[in-house]
Amino acid sequence: MRINPTTSGPEVSALEKKNLGRIAQIIGPVLDVAFPPGKMPNIYNALIVKGRDTVGQQINVTCEVQQLLGNNRIRAVAMSATEGLMRGMEVIDTGAALSVPVGGATLGRIFNVLGEPIDNLGPVDTRTTSPIHRSAPAFIQLDTKLAIFETGIKVVDLLAPYRRGGKIGLFGGAGVGKTVLIMELINNIAKAHGGVSVFGGVGERTREGNDLYMEMKESGVINEQNIAESKVALVYGQMNEPPGARMRVGLTALTMAEYFRDVNEQDVLLFIDNIFRFVQAGSEVSALLGRMPSAVGYQPTLSTEMGSLQERITSTKEGSITSIQAVYVPADDLTDPAPATTFAHLDATTVLSRGLAAKGIYPAVDPLDSTSTMLQPRIVGEEHYETAQRVKQTLQRYKELQDIIAILGLDELSEEDRLTVARARKIERFLSQPFFVAEVFTGSPGKYVSLAETIRGFKLILSGELDGLPEQAFYLVGNIDEATAKATNLEMESNLKK
């Protein structure tokens, strides 16, 4: 699907002054605007309110048309705070949807929902912009080839592989490592695939956004010396912003990613943290627009809004957008309408477990709960499929035996079950891995493990060849050779102590 990018539109002062409206009512972030007969703006048009407030401060608020109310009035949602606006203020119809800068000049920069840079590094060096509202690519433009997207993270590549051009959900509560996993993926994609990423911070903490930016600069994903060599563009609409901004910031990030796919013909990674906040903002806006809520207070248009965003994230014959979306699960209830609607669009789910995080196993990906539609012999091959299934069976058997072990102890198990438990504990530890972006916490250099190395390592553990090695040798290592080297070092250390 080709974008027809436009050059930046004229300044507001140069807009045709004839299509002017006036504010008739303000309800929080929602404005009712009256226009002259026959001059009604279209749905999704951007409106601009310029003027001065009661103390003489300059006001410049952009809004988006959401409803036509009749009687020459429209209802619009503001993209920034509405403090200082008054009834009777002049509103200019721009005649087009919100447009944001796109292209290579966006890399290494931070934008808000309107595509304005907010990193104090000056204006963006591009005149190419694209509207944030577009239809999904037509069926004939889609690429249907199934291919694995190698991440270099063992637990993901082996047990819940990502699809190139697919959508992946990252499920987890607070503090189990969603953001660290996202940062590692951005780092690995940039270094191993040379691809670009777009990060959409939707309704999350400002502090986290700042930390992410600083850590990206430290890890080299954002190159401060030569900003053009950066591998990621950041778009933030944080928790403190009005619901209009949080509802549209995901589309701003997606529009930037679409340009890299369609015009630059690149494989792009789109991160959305957090897709639940997109739904939450839509729910707030829906209530403000006076719509009747549906189940659990969510907006009646929940499926439509989610679909219009998700269907644009896909592979075309030009390139692909692979999307990784953090999904906050309210009260750990997966049947809540927000996560349940998200599930319908996903090709793979990576579930983070608090239990594994408590054991110190990072990434804390639950190997039994995480799933992928790609884990089929005809896609990944027999060897990968068989190894993954045997790893899951071993871990499942260990899970079943844990109650018996807790009550009676290991000694009461049969010889075969004891062997299964020993191998499962090695597998559990071998699924951990030192991350590049977490070097400051772990003190261990990060490791990228190829899929072939991952499969070889788990096959060796399952075959019983490494039964003699201590389980701590498998903790926080890269490939299996590092585990055997670590075992030798541990043995030498224990001999020295004797």
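Using the three backbone atoms N, Cα and C, a Cβ is placed for every residue, glycine included.
Feature list (source: Swiss-Prot):
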BINDING   GLY172, GLY173, ALA174, GLY175, VAL176, GLY177, LYS178, THR179  ATP binding site
Greatest C-beta neighbour count within 10 angstroms, which of the binding-site residues GLY172, GLY173, GLY175, GLY177:
GLY172
Listed in sequence order, residues with CB under 8 A of LYS178 (ATP binding site) and six or more positions away:
LEU170, GLY172, ASP273, ALA326, LEU352
For the binding-site residues ALA174, VAL176, which one has the sparsest Cβ surroundings, going by other Cβ atoms within 10 Å?
ALA174
Using an 8 Å cut-off from the Cβ centroid of GLY172, GLY173, ALA174, GLY175, VAL176, GLY177, LYS178, THR179, can you name the remaining same-chain residues around the ATP site, in sequence order?
LEU352, ALA357
Report, as a single number, how many Cβ atoms besides its own are within 10 Å of the Cβ of THR179 (ATP binding site).
24
Assigned element (helix, strand, coil) containing THR179 (ATP binding site), judged by DSSP:
helix
